[in-house]
Structures are given as structure tokens and as C-alpha cells.
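Here is what TrEMBL says about this protein:
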type	residues	note
ACT_SITE	Cys2	active site, nucleophile
DOMAIN	2-226	domain 'Glutamine amidotransferase type-2'
DOMAIN	285-426	domain 'SIS'
DOMAIN	459-603	domain 'SIS'
ACT_SITE	Lys608	active site, for Fru-6P isomerization activity
Amino acid sequence: MCGIVGVTGSDPALPFLLDGLSRLEYRGYDSSGVALVDSDRVWVRRRAGKLAELTGAVGDAPRATAGIGHTRWATHGGPTEHNAHPHTDCTGALALVHNGIIENHLELGDELVSAGHELRSETDSEVLAHLIEAGMAGGAGLADATRAALARVEGSFAVAVVHAANPEVIVAGRRSSPLVAGRADGSGFVASDIPALLAATREVYVLDDDQIVEVGPGTLRVTTLDGTEVSPVRRRVEGDVETAEKGGYPDFMLKEIHEQPRAVRETLRGRTKGDRLTLGELELSDQELRDVDKVFIVGCGTSFHAGMVARHAIEHWARLPTEIEVASEFRYRDPVLDAQSLVVGVSQSGESLDTMEACRFARSATNKAKVLVVCNVVDSSMAREADAVLYTRAGPERGVAATKTHVAQIVAMELLALRLAHVRGLLYPEEVARQVEALHSLPTLIDGVLARSEEICDAATSYVDTRDFFFLGRGVGYPVALEGALKLKEISYARAEAYPAGEMKHGPIALIEPGTVVVAVATRGRLHAKIMNNIDEVKARGATVVVVANEGDDAAANHADRVLWVPAVPRGAELFSPLVDVVALQLFAYAIAKARGCDVDQPRNLAKTVTVE
Ligand code: F6R
């Protein structure tokens, strides 16, 4: 989730670019840069680190009226200065910024290098600068060359390009990644998000996929990739910057809940092709993966719950013994680790001290385990120290309660499980391909839950005054129950306990009394009938039962007082059901917390990243 900003017709352009970048920093930052169009060249300055590094390094910038800027959140290539944007072509006359993932960048890069281009970064983005250069060398103008280059891209992009030959023009385009354009008297703008433009204009247009815009001082022309002109859609812009950052949602948490289909899509992007799984940054060879004889998963809170789902997947597909432990306990027992052990550290931030220390302990000279970190922040401390990293690509998460990073973690680890099974020869290619296809259906299924937001929130508000909740699940439904209870506890301060449904009768059922609300994850799967029995057991003791059930499951509805309906995952893909079911419980917790007047983005006593033991 990088941030893009561009301006033309602003004298000077630089202050607008820096201000715009500061408003986009919330999208993530590990490096940043600007390019200014200066007579017959583009002047570029880039810096690793926070935006302040760049701001302190532009004292010698030329006075220019047009330019582009970028704040990066690395996906391909470390967060170094030479990987920072803008990227230039071989001539130094063109500069380009990009957000997204160019899946075919290796093929395009090989072709460009054979044609004599020099690629200077490890990013997927740089190829675009050279592709446009090649088009212009063949006689095309900037806009036509950009259109032709973007038409060759597989993957997602929002790009903005400037060229010394067209000093007043910015050409920008998008597919899947966000991009808006704006206009004011005598100036024009592009940005990945509205907040970057608010100080300058409220005349904002949203581009559709595969459209490009040519922005000049006070002018704006939108075309499709085949050159057909279209009328851009004007977006109504109200409120202040924070309102704009929330993208029309009342809080970051709700926005992030709605970003989950995208988080899943991005985490899958470029990593699957039929039965082939390419987990690029994994950095463990097939042989190393084959040598693994035991897996340990460690994490805290929501990340721990994602790990619990992954354990089911790794055991089921890869047939590897898998243990899971909360990170704060792991190194204080005597886990039996050796060089054949794979320890998976799961952490959104990559900075939680408990998980970091657990990984250090596993990699220590005594234990010698291989450590793979699943995290959302590129180049975080844990990622730097690990043997291998698998990044989730959920984009920065602002709400303290984790939502979109949780589903992205599950997706990343399900891919890992399939990859382990594949290298160990335990799944036929057709089965891998079938599971991969099911994974790709998840964004649509999650959209199906989100479409029911109103109905789920209405149901939840019946329980605003409830004091005690129990959450029950079985199999992969149990971690969903744990996560549902954690979300409710942390944002609404209700008491919520989760149990494996079959365990209730061994003690906790004594707590059930009239008025207790039991939320059961009862979507279809091999334990469906068993959880129905468990529901009857609590109902018989006076509990009010809310079930998460698959659309059309009348039997589940008959056992419950209330149903939170969710779409079913494809048959044979039940291990993915947590990705759909958990969304209903996030919304359930959200609605109760809001009705109780709680601050869902910054719940009391909590910090987004816990760096103490
Ligand atoms: C709950 C939540 C926390 C984190 C936990 C681990 O909503 O956000 O439980 O999951 O503190 O944080 P990371 O994943 O950054 O290691």
C-alpha cells in the first residue's frame, strides 16, 4: 500500500508534494521520494526511512511547477534508497511512481535487459519506466506509450509518470490499486487517496480500472487503455482529512473490515498459478521444506488464532506434526527443537516482543530451528532476523483490533501448508489447483458477508446489555470462536469466553443461566451435527443462542434464537471457512461496541504493537 501524489501548475510544486505525502504516510512508509520536472530533465531525490528523511534532503531542489511523489511500503525489494520511487528510465528524462504488484515483471525485465535497458533496482515497478521509454523511443507520445506499457502488465497498478518532453503533464493510470485525479484553477493533481488533495481542491474524480488520465494545469482527460475517451466520475468530497482517510467509514476498524476481500486478493496475488505456488520471499529451498519434520507456530492474540487455523491446514495437507503455542509461553517451556524443526512466527507488526523472542529462542545456537515469519510490515525486526519471510499484503492496519491482517495471515499460512504438502508429494497437483481455486473464491464470499452487514449489526444490537457471552466452535470453528470472543472483549469490554464446543459439558456449562448469550460457529463441515448437539445442551440450560450458519441451513436456524448468515465455502474447502465466518463475528463485536459508545479504533488499555514482555 504505497502512496502516490502528483501536481502540475503549482509554483512551486515541491511543498504540495511533501504535504500530500505526509497525508498519505498512513498508507505505510519505509522510504519516499519526489521527482520534479526541470527543463530538459527530471530531478529526483529519494530517501529510505520516514518522510522526514526526504524532507531534510530536498534543500537543493529546483523550482518546478510539476512533479510526482511516492511514499513506499515495500513488497518487492527491500526498503532501501535505490528501491525507493520515483524510478527513472535509462535517459533520465522520465520518472515514474507505482503502487501495486507487477506479476510479470521478471519476464518484462528480461525482455528489457535483452533490448539494452539497465534496471537498477530490485523492484517490480522499475520495468514500467523502461517499457514506457521503449515506447517513446519508437515514436509514441507519453500517454500512448504509457497506455501500451500498462496493457502489458499482469497484476495491479496505480502509476504516475512525468517526462521532461511534456513538462506540464502527468500521465497516470490504475488497475485494482486506487487512484484519484483532481483539478483546480490552473492546476491539476493525482493521488492514491483523497486526503492528499484536500488542501488544494474538492473537485476530485475517481478513475476506474484500466483507465488513464492526462492531467495538465487546469485540464484533465480520461481514456481507457485502448485510447477511447470517457467522462470521469466526480466524487463528492466532504469533511476533514481524517474523515477522508477513513474513506467514508465512521472508523478505521469498519473500513478495515471492508478491506478484507482486497487483503485476501493481494495476499494471493502472483503467488498461485494452477497448482504452482510461488512464495517468492520464502527463501527456503524445496529440500529445506522437505527436511522439516515438525512445525511449531507461535504468535500472540489474533495472530495466535490465525496460527491455530494454519495448524489444521498443515496437519491435514502436509501431514506434519504441528504444535501451536502462545509466544509468551513458548520459550519458557522446553520445546523439543532441532535443525529439522520449522518455527512459524506470526505477527502483524513483526515487532511484538513476545513473538520476536520466541523466534530468537528457536533460532538460537542451542535449538537451531528454521524460523519463518509471517508478517504484514516489510522489513520489520522479526522479518530481518528470520530465515524466511512470508508477507501478508493487507496494507497498514490503523484500528488497534486486528481484522484484515488476520484474514491475510490465514491465507498466507494456508498457502504455506499447500506448498509444504506439494514439496512433500502429498497432494496431487489437481488437488492443489482445486484448493487454490477455492482460495480465489474467498474475496467474493467475504463480500457476501459484508453485504449482510446491516442485518448482522441489527442482530448484534439486541445484545448490547448482555453481560456474559460464550463463543463456541469445533475444528477450525474453534479459533474463529476465540477470535470472535477476543474482538468482543477488546472493543466492547463485554465478558466473552471461548471454548471448544465439546468441552462445555466438562465444566463451563455450569456458568450457563437464562440471559447468557452463546454464539456458536456452526457453518457446514464434518463436525456440524456434533455442534448442533452442543448447542442444544446450552439451550436446554437457558442460554440464548446465536449461530453463524451457512445460507440455507434451516437445521442450524431451528436450533438457534438468531442466525448470522454467511455464504458457504466450496465443498471440500472447509479449511477456508474461518476466513468467511470470522467476518460475521467482527461485525457482531463492532456493532455491540458502537452501540455501547466505545472507541473501537483505540480501545482502552490496548496498544497496536506490544513491545514489552
Ligand atoms: C487483537 C490484536 C492483538 C494482536 C497481538 C499480536 O485484535 O490485535 O491481539 O494480535 O498483540 O500482535 P502482532 O500480530 O503485531 O504480533
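Cβ atoms here come from the backbone N, Cα and C positions, even for glycine.
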Between Lys608 (active site, for Fru-6P isomerization activity) and the residue listed as 'active site, nucleophile': CA-CA distance (Å)
21
Could you please provide the mean pLDDT value for the domain 'SIS' (459-603)?
95
Under 8 Å between C-beta atoms and at least six apart in sequence, can you list the same-chain neighbours of Lys608 (active site, for Fru-6P isomerization activity), or say none if there are none?
Ser349, Glu397, Val400
With DSSP helix as H/G/I and strand as E/B, how many residues of the domain 'SIS' (459-603) fall in helix, strand and coil?
71 helix, 29 strand, 45 coil
With helix taken as DSSP H, G or I, strand as E or B and everything else coil, how many residues of the domain 'SIS' (285-426) land in each class?
64 helix, 28 strand, 50 coil
What kind of secondary structure is the residue listed as 'active site, nucleophile' part of, going by DSSP in three states?
coil
